[in-house]
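Comments concern the structure below.
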Amino acid sequence: MPSSNLFKKKEKKRSLAYILCISGNAPSSLSGKWNFSHASLMDHLFETGCEAEFRKLMRRPGSFQSPPDMPGLSGVFVAGCSFGGRFYSLADMWHPDLGEPFGVMHCVQCLCEPQKSRRGKVFGKVNCKNIKQDCPDPNCDDPVLLPGHCCKTCPKGMTLSSTGKEKEDDLHKSYNDRSYLSSEDMGPGESRSDFVALLTGGTDLLSSSGVARARFSLTRTSLAFSITYQRMVRPSKIVFLDSDGTTAFEYRVPKGQSDMICGVWKNLAKPLMRQLQSEQIRIRMTTSTTRGEEVEGKIIKHRALFAETFSSTLTSEEENSGTGGIAMLTLSDTENNLHFILILQGLIAPLSSELLSVPIRVQLVYRQHVLREIRANITSHDPDFAEVLTDLNSRELFWLSRGQLEIAVATEAQDPRQISGFITGRKSCDTLQSVMSSGDALTPGKTGGVGSAIFNLYDNGTLDYQVQVAGLTSDVVGLTIELKPRRRNKRSVLYDLTPEYDKATGQATGSWSRLEARHIHMLLQNELFINVATAHSQEGELRGQIKALPYSGLEAPRHELPTPLAGHFVSPPVRSGASGHAWVSVDKQCHLHYEIVVAGLSRADDLTVSAHLHGLAEIGEIDDSSTPHKRLLTGFYGSQAQGVLKDISVELLQHLDQGTAFIQVSTKLNPRGEIRGKVHVPNNCEFGTRGEAEEAEFDDLFVKDPEELKKDPHTCFFENQHRAHGSRWTPGYDKCFSCSCQKRTVICDPVICPVLTCSRTIQPEDKCCPVCDGERSPTLDVSVVDEHPEGCYFEGDQKMHAPGTTWHPFVPPFGYIKCAVCTCKGSTGEVHCEKVTCPALTCSHPVRRNPSDCCKECPEEERTPAGLEHSDMMQADGPRHCKFGKSYYQNSDNWHPWVPVVGEMKCINCWCDHGVTKCQRKQCPVLTCSDITRRDGSCCPECVGEQ
């Protein structure tokens, strides 16, 4: 789908209907009793532009109850809140984004409050309040209101000290507040939860002496895991067990020499997600050796995971002891104190159910020399232990950075046991990387350049790096790894990479072998930056934060430098402050795997795109002789986009193989390309995308095993057959219907046949719709798409449509919407959907001849003119009333909207345009000054000093 159409679609969703839906001021026909049919409801929703918002609200736990005659809207109870299309966990807080023209309500704070139903189920309830009255009094004479803030602050970072003198604040929040540095990585609804597991063997002879540590990250319905193990051979299988001990997911471990296992459990069912959150899921690893070693442990949440920067896996020298442990460690932010938490298993023998207290000895060891020792007691019911080693000296910090310190735990009971392990930097399957952009420079700019870097941290404290830059305005004079500046434009350089920079290739490759423990801690807390200084920008033309990119499970070659994306590579070049990089690969089935990261999109750019939709990620082929053919990869939220593209044309695969393809991110400001990069992916796919392999891991959307389908809680049972959630089929009772499974509910809709323009038509026996004589089928298949490479991709039915074709949109889970007609606009690829215009009727009781019809008709026996009833106002083509909230407005009326909590919004004008409410924010002039403020009661910002 082209970018312009997707943005139109987003703006439509964020229009008046959105405000009505999220504020609870829906039309009375929606907020009253359920007294209409499924078809009439959808007609009404589509005509008011509220259908998408209504679907989102129906998914809010505890907010709606499905009516008995609308089983397609039934949902599953989830502890949390859904607001504006995003999911929030219990106790989450946020500022609501009401979309254009309202924007983010920075003075409104929403909270997902936990509630309990009469049956004891916990659900979330959204509660929003105005926080403007809670703003602190600025400690200066002339405070200003900055864009994106609710409270006024002192200008130019100047505040008053206790002595009355002004002092300069630290650098602005974007480089000081860690919560900001990580808050933009997730797209809508992508809250992330971390878990950990300690896996040990049993005490029998057939058990394993191995110990494993697993770290998990849950994003949406995918659970990514990173597992390290010791004292055992590489496992062959990982099994996740539910609360009943039944296998919920099995992962076959690929062969390799590394002691790290990376994987993803996708599409977790909601019952399993609830078990995971309540710590009822266990994980088991087994080997394929004749001995059949096995280790197992419970997946738990832990407060130390967020701050952990060092770790250790503790093992015993005894065979089959069943003991083990993990240590999670971190340095204090300002002092050289080492905080640690131990999770221990098997140190205390479970002789009885009584509460046993056992003394332990925790030692910090260097080459068998005890440096520190702590004595404490642990109990059999709570064997975990936490403590702080204060004031580490320079030698201890050096040994810590080199992975030479060992932590040992021993019991002092009658049957003493001991486990120990070396402390290293935190290990995971995530990738340390950075995108450098001019928009993130200390002095932000828009140069169109790009910088890209990947890093690899070893146990001995060595950091390997690969850096590339392109599209710069002048020669590179400095390439450095730095701390966040303590003061504005006061850089703190840690390591100089400039000697390794090759001007001819624009790359720098090398190793940094002198990382201090503090540097490792800051690196793994996303607190280091990489800066590119040029002859024209001595302080830095490009800058980027070094971040950990979470493991996704895609076959992307993250060990290689990614493809750089820059405005410099767009044709014609764009002087953008944004940049990015992308990993792209083609697997054995000729499916395209991609991961894209962007940086440098300014807040002003962000506000022009609803719902923080940065843009569209596209892939296409560079061909100077004709218009390049582009495929939409995904809508681009947050700072990351990833996925798999399966239906790729032979031509595009050939261009990838030849290096004449490109990855492009387009935004609303630059719909023809904000940043772009040339992609070269050698492949052997001269015959195009191949069929599915026998390995089911490439198709984890649908489970095809009938026995597995029966276990899936979302499976539908229809016509004596189980159907996977999301699947579609033609029912046996009528070939002119199309059925789909939506979470245990089967929805069947009549097939909409296209209008044929040919003179002769035939009716195939196995088809519902007639076709032109000589054609195979009116439906669009791959061959038709190839004949019309400039067709349109429609998100609703996820199909390509040829230029000029029209269709009724398919909107899951409601089916076909006959009150709308979509058209593919020629070579532009734009999908234009509009409401069906029904004729004005003169009868008093119009009827629908078929339930699926959009427009009503006058019955044959009633042809006398009569006034229109209120319920049929939307049917008429004459001047119509508008309803906003609980008020009705005549055609051409104007008013200021009222939004709950905020009140009347005088900076936004709404008017009634023939039954359609339209709203627009007051247009403000473009300011050229640097000091901008906003007076109370004023809609537009103004320059400081102007009257």
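Yeah, the Cβs are placed from backbone N, Cα and C, and that goes for glycine too.
Broken down by DSSP into helix, strand and coil, the domain 'VWFC' (79-155) contains 4 helix, 30 strand, 43 coil. The feature domain 'VWFC' is assigned by TrEMBL to 79-155 (among others).
Summarising the annotation, TrEMBL assigns domain 'CHRD' to 191-304 (among others). Across the domain 'CHRD' (191-304), the model assigns an average pLDDT of 89.
Across the range of the domain 'CHRD' (306-427), the DSSP-based residue counts are 8 helix, 62 strand, 52 coil. According to TrEMBL, the feature domain 'CHRD' maps to 306-427 (among others).
Sequence annotations record features per position, and here TrEMBL assigns domain 'CHRD' to 428-551 (among others).
Positions annotated as domain 'CHRD' by TrEMBL: 557-684 (among others).
Taken from TrEMBL, the feature domain 'VWFC' covers 714-773 (among others).
Look at TrEMBL and you will find 790-859 (among others) tagged as domain 'VWFC'.
TrEMBL lists 880-944 (among others) with the feature domain 'VWFC'.
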Counts by DSSP class (helix H/G/I, strand E/B, coil) across the domain 'CHRD' (191-304): 10 helix, 56 strand, 48 coil
Tally of residues which DSSP labels helix, strand or coil - the domain 'VWFC' (880-944): 0 helix, 28 strand, 37 coil
